[in-house]
Each structure stands twice: as structure tokens, then as C-alpha cells.
Amino acid sequence: MSAIVDIIGREVLDSRGNPTVECDVLLESGVMGRAAVPSGASTGSREAIELRDGDKSRYLGKGVLKAVEHINTEISEAIMGLDASEQAFLDRTLIDLDGTENKSRLGANAMLAVSMAVAKAAAEEAGLPLYRYFGGSGAMQMPVPMMNIVNGGAHANNSLDIQEFMVMPVSATSFREALRCGAEVFHALKKILADKGMSTAVGDEGGFAPNFSSNEECLNTIVQAVEKAGYRMGEDVLLALDCAASEFYHEAEDVYVLEGEGLKLSSTQFADYLANLCDKFPIVSIEDGMAEGDWDGWKTLTDKLGKRVQLVGDDLFVTNTKILKEGIDKGIGNSILIKINQIGTLTETFAAIEMAKRAGYTAVISHRSGETEDSTIADIAVGTNAGQIKTGSLSRSDRISKYNQLLRIEEDLGDIASYPGKSAFYNLR
């Protein structure tokens, strides 16, 4: 038995300089697991609640001392002595202890830090790499990365309404090759922007954040960068978008307002707008193409593009099996974004991935805009054979830490490692 003998919660900083929760879990054998949780900028309204102190005299109210206190007192008392290898039982203990639908009492940030730290300690105790502990002997598929090389929306202070413009290397035969492709495109884009006198400052997720006149101009510039780096757009590299449409949806008027382009569009018109972009560019994936509450708009978008484009629900599904099941039943989207802090425990995270796969939906493992050096999501991506990961651009060590962990995992897997390329989109025609 891997009995838990000590738990320590602490307040640390994330990549935006805001407080977040870190937890150490010590086992009877002397083995320790440590985990730190991320935080989002554009968040879904039905996400599990991240507990903040609200004390304006500390960190502008964003302190997490209450969440840390919960770890060091009642959570510690509830799980002390439990077997760290019984992840599902431990997570259920946390959920029952919290007692709310959205984890608002203890805080999803406190609960997730403990859930992750316990898993890491148990993996260490078992002498297994974390991805192998999660996935057993069947974990061998590396993920295709969605690399966010241009940031807009809530992730940057510029004129772009769409939040993320991403490249996906699909012709590579290994993750290492895919990472090199992304890095070379990133540097080619930097040179193009610099030559045009445009900003090469980066946003929260490490992508560039220049002012473009339109989303099309941005996409055209990315195409130039791909070609400048020596790759074929549409063959070697595909494009992906995160619209984060909830951020520019005006519910009272039922319109999508693209301020950067001076457009006010109905759901149907915005679906047509996105379809037009897909006709002009090799876009294989669109995340949050409609607002989280606009299910009619989502249905319109799915009917229009769902057979040829991966339509990823982030704010829509918030890694929640109840909401995902409703979406599956109604034929909304065809993919789910998996963010561990949206739901607050590893067990519930794995349940959402499993439900998606059973329904023929893809699952994309994702970071948050406020990250830490914790690289657990890299191990989750491989451990669940998810096939796709979204963890930022090719700059900022809070993003690179995940890519570097994936390089280590691929090296550890050796000849049995596989890279899915275009087959990651197994539900598209």
C-alpha cells in the first residue's frame, strides 16, 4: 500500500505572475509527488470554480491562500492514510468532501493540485513514468501539436478577434520532427513580421501578437511563414483556429461582433464566415466556433462543417461529461478540448476523454493561458493516446516544458512510439 503520510499546499506564481496552487504529497516510502495547477483567461461559465481570496490588498484579489488552507487542513485530514494508487477512490473522496456541483467550496484549484500530486507520487512509487502509469502498456501514441503562433482576442492586446491561429505539422513521422517543423515556422514568421515592421512581442501563450487588418491577412502571413520555412501548406502543415467566440458574442442582440473587421454577424452568417475561411485556407480544426450558450449556432456550424473540419468544444463542454453527453446526443461539435482545471480531478478528466472517444469525438489535451512549469498534460496526452495536444507556441518555458517532456517520452518509448499525423482527425472525411 502506498499510504499518504503528508500533504503540503502552497501559493506559487503562474506564467502571468498570478498566484496559483502547488501541492506536495509524501508517501510512506518517502516518495513525493508535486503538482501545480494552471489558470485560464477566457473561461467557460460552467467550469469548476477556481477559488480566489478576493482580498484586494494581496495580488489584486487573486491570492489563493484559502485554497491552500483547504489543502493543509480538511483535505489533508480526509485523505491522510489513503492509498495513493487508488486514484478514483481518492478523487471521489475529494468530490464528496467538497459537496458542491462546481467545486466552489474547496476550489477546483485545490482539489486538482492534490489529485495530480497523488498520481505523480503513486507513479514514482510504482517505478513508472507518469504516462505509463496513466495508460499502461498501450500508451504509445504521440500527439500532433496545435502550435499557437499568433495570439489575438483575450490572449493579446491587438486588433484580432480570433484568439488563436495555430499550425499543426501532419506529415512528420515523429513528434521530434513535428516540433522542429513548428519551431522553424515560428522563426520564419518572426522574420516576416520584423521585415514588415510589425511587432514580434508575444502574448500569454508565446505566440506573436501583431496588429493585422483582418483574420485573412493573419492567415496569409502564416501561409508565407510555412512556405518560407520550406514546408508545404496543406500537405506538411494544416491550420487550426480557436475563435473563443463567447468573448465577442453579444447575447442581447444575438450577434457576433468582430470589432477588428467592423462586422456584426448572426450565427448563420458567422458560420458562413468560418466556412469561407475553410474554403480559402487548409483549416482542419476550429475551437469554440460559436458561443458556449449558442447551441443553435453550434448545430448550424456542425451541420455546415462537421464532416470536414474538427469542431472542438472548449467553453462549450468544459471537460464535463454531463455537458458532453448532451452535446453528443444533439450532434453538437465533433471534438472536446480537455482542460484538467475545468473539471478539477484526474478521474473526471479521464472520464471525459473516454466518453468522447466512445462517441467518435476526438479529444485535444490542452494547457491554459496561465501556465506553470508542470508538464503533466504531456503525460496525459500520451497516456490516453489522445492524439492531439494544444500547449502554446515555440517560446516561453511554461509552454516549452510540455514539448520537452514529450520529447523525453518519445525517447523513452523508442521504436514503439507512433505519430498519427493526419490520422489524428479520424472522424473527418
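Numbers run from 1 along the shown chain.
Every residue gets a Cβ built from N, Cα and C, even glycine.
Site annotation (Swiss-Prot, ligand Mg(2+)) includes Asp242, Asp314; from Glu216, Glu217, Glu287, Glu292, the additional listed residue is Glu287. Swiss-Prot names Gln163, Lys339, Arg368, Ser369 for binding (2R)-2-phosphoglycerate. Of Lys190, Lys191, Lys390, the residue it gives for the same site is Lys390. According to DSSP, Asp242 (Mg(2+) binding site) is assigned to a strand segment.
It is 11 Å from the Cα atom of Asp242 (Mg(2+) binding site) to that of Lys390 ((2R)-2-phosphoglycerate binding site). Taking Cβ-Cβ distances under 8 Å and a sequence separation of 6 or more, the neighbours of Lys339 (active site, proton acceptor) in its chain are Pro38, Gly40, Asp314, Val318, Thr319, Ser366, His367, Arg368. Cβ-based neighbour count (10 Å, all protein chains) for Ser369 ((2R)-2-phosphoglycerate binding site) stands at 24. Within 8 Å of the centroid of the Cβ atoms of Asp242, Glu287, Asp314, where the record puts Mg(2+), the same chain has further Cβ atoms from Gln163, Glu164, Leu241, Cys243, Ala244, Ile286, Asp288, Val312, Asp315, Leu337, Ser366, Lys390. Lys390 ((2R)-2-phosphoglycerate binding site) and Glu205 (active site, proton donor) have their C-alpha atoms 10 Å apart, to the nearest angstrom. The Cβ of Glu287 (Mg(2+) binding site) has Glu164, Ala240, Leu241, Asp242, Cys243, Ala244, Val312, Gly313, Asp314, Leu337, Val364 as same-chain neighbours under 8 Å, each 6 or more residues away in sequence.
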